[in-house]
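Let me begin by presenting the structure, written as structure tokens, before commenting on it.
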Amino acid sequence: MSGWKIELLRIVLLVGVTAGRIQSLASPFLKESFQLSSSDVLLEELITGPLRGRDIFLFVDEYTRFSMPTLPSDANTILMATHKGFNVGHYPNYCLRGSSYIAILLFSRTPSELFHHLSLSAAWNPTFLLLINMNATQSSMTILDHEVVQRSKHLVLLQPFNKGTINTFLVLTSFPFRARPHAAMSLWHKTYFRSDADLFLDRHPNMEGATLRLGSWCDDYPFIYLRHPSDDQCVGANLDTLTLIAAKLNFSYEVQKETQDQNWGALENGRWTGMLGDLVYNNKHLVINLFLVNYERWRDFDTTYPYHAEGFGFLAPLPPPVPQWKSITYPFTGIMWLAVIACTLIVSLLSALLPAVMEKDSVDYVRHILMVYGGILRQAVQLRGVEWLAAWWLSCIIITTAYTTNLVAFLTVPVYPTRMETVAELAQSHLRLTMQDYGNFVPAALKESSDQSLAALGNKLDLFTYELEYDPGFRGIRNREQVLIETYSYLSNLQMQYNATRYSYLMKEQIYSGHSAWFLPKNTPYTTKFSHLLTRLRETGILYKFFIYHFPPSDGQNQVSFRLTNAHARKKHQ
């Protein structure tokens, strides 16, 4: 091929596709006899070349299935389907999403019907997607922008390229965060792409300075919250974490102080509300507030790997100290007291009966009984005639010495009754349960629970409105009438902010414990990027450091400086 043809080809490529990196295209044409690949051998070169050893899911339309070249029979496991009438329900999920199969889509006309069908299902999301346009008269670069196509983490388009004697394919991909997302990689030749890593580039090496919009609510201590009610700045452990990830991936973010519908995030009548609804309907990119992973959220959203485990805790009133006068009974257990009383009565009876049987004369019963009780009180008496009582006196000295020693300790330190630590103990107590009414799933879950203790708690649960903040809950705790339930870390913060450590404690048992994650729109191709970095920060202990940093001191200082900002309707942690 002559030199001017090479230059013309380079100009055409640069003008036609100006974004992305373009490999040197001159070397294949240095010799006149060099032949580029055509559609007749393209599939064979792909399957025996970069896709060697990989399972293939091949889609063909009514035009390409008749003109499709012969496929190698022993190279891979190949599933084949047609565009028309394709139904995702007929295939297992591992064929439709993930990296088990490489999806190859052959088409001669824009597969609008197939794309429309795939867009209705969240199941379609192959990690590797290869688009091959078999129609040289039709440009298909706009297909790269389709939402169904953009779901894939790795994406390649092979577009026919005919110029003079050159009959081959142009290899393109898409970098969605760039100003010009379409990028030409090279002309196709099997020597250029020897492995799948050569063919499928990382489309998200970084975010190219993009701005991500958070679906957030700054009332989720310590993960994301307002530094002060009069301050518009949101801070928190998760924001600190996101800042590190943003520096690594080269993006910025916009924080939303509260949701538009004043809801936290729940599935109501088949529609998501709050922050999760922002991901679906309001073009938000990420939710970093505390949400537990459950089936509905996993089904409808992308989630990162869990980074935090937490459940709902109970803040109970401290039981009152036992009256001082009752301390005289605490040196011994109940069984020990019964044993002492029983032994005293038995010895008293024996001391009265034995002399009567042995002497057969008049016996002073009162004297003998008083000698027995004198041992208890350690009063000096003469044991003439009843020397056998010496063993009783020795036992009394040991018992009274132990009692006196323990009594000193109990009189010095206030004695508290045993604290409740389990759900079963709480259900059997006289205390009622209280919770802020912001649409959480817990009230309904408690009442519908098959567990007897949880159902009992649901039947004695009192809800108070969000306008009152948490004042009614702490009033009930101070009056020793109610126990407050809330997510554990948030409840810890409430205890400190209300300066309630003097009269309340956190029970050990939690309910509805689960793993927390960040949420992104379903089939977001860069979810794994966030998951990987978030997991690394957790494993190195940085997340824990941020979490601890945002807890205020527990010594009562600055208790008034921060007031809770839940002055609006919200539906939290559902």
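Just so you know, glycine gets a Cβ as well, placed from its N, Cα and C.
Taken from TrEMBL, the feature domain 'Ionotropic glutamate receptor L-glutamate and glycine-binding' applies to 222-281. Annotated signal peptide per TrEMBL: 1-19, in sequence order. Sequence annotations record features per position, and here TrEMBL assigns transmembrane segment to 335-358, 389-411.
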By DSSP, what is the split of the domain 'Ionotropic glutamate receptor L-glutamate and glycine-binding' (222-281) into helix, strand and coil residues?
21 helix, 13 strand, 26 coil
I'm checking region-level scores; what's the whole-number mean pLDDT for the domain 'Ionotropic glutamate receptor L-glutamate and glycine-binding' (222-281)?
91
Please give the sequence-distant neighbours of the transmembrane segment (389-411): residues at least 6 beyond its ends with Cβ less than 8 Å from one of its Cβ atoms.
324, 327-328, 330-332, 340, 343, 347, 351, 371-372, 375-376, 378, 383
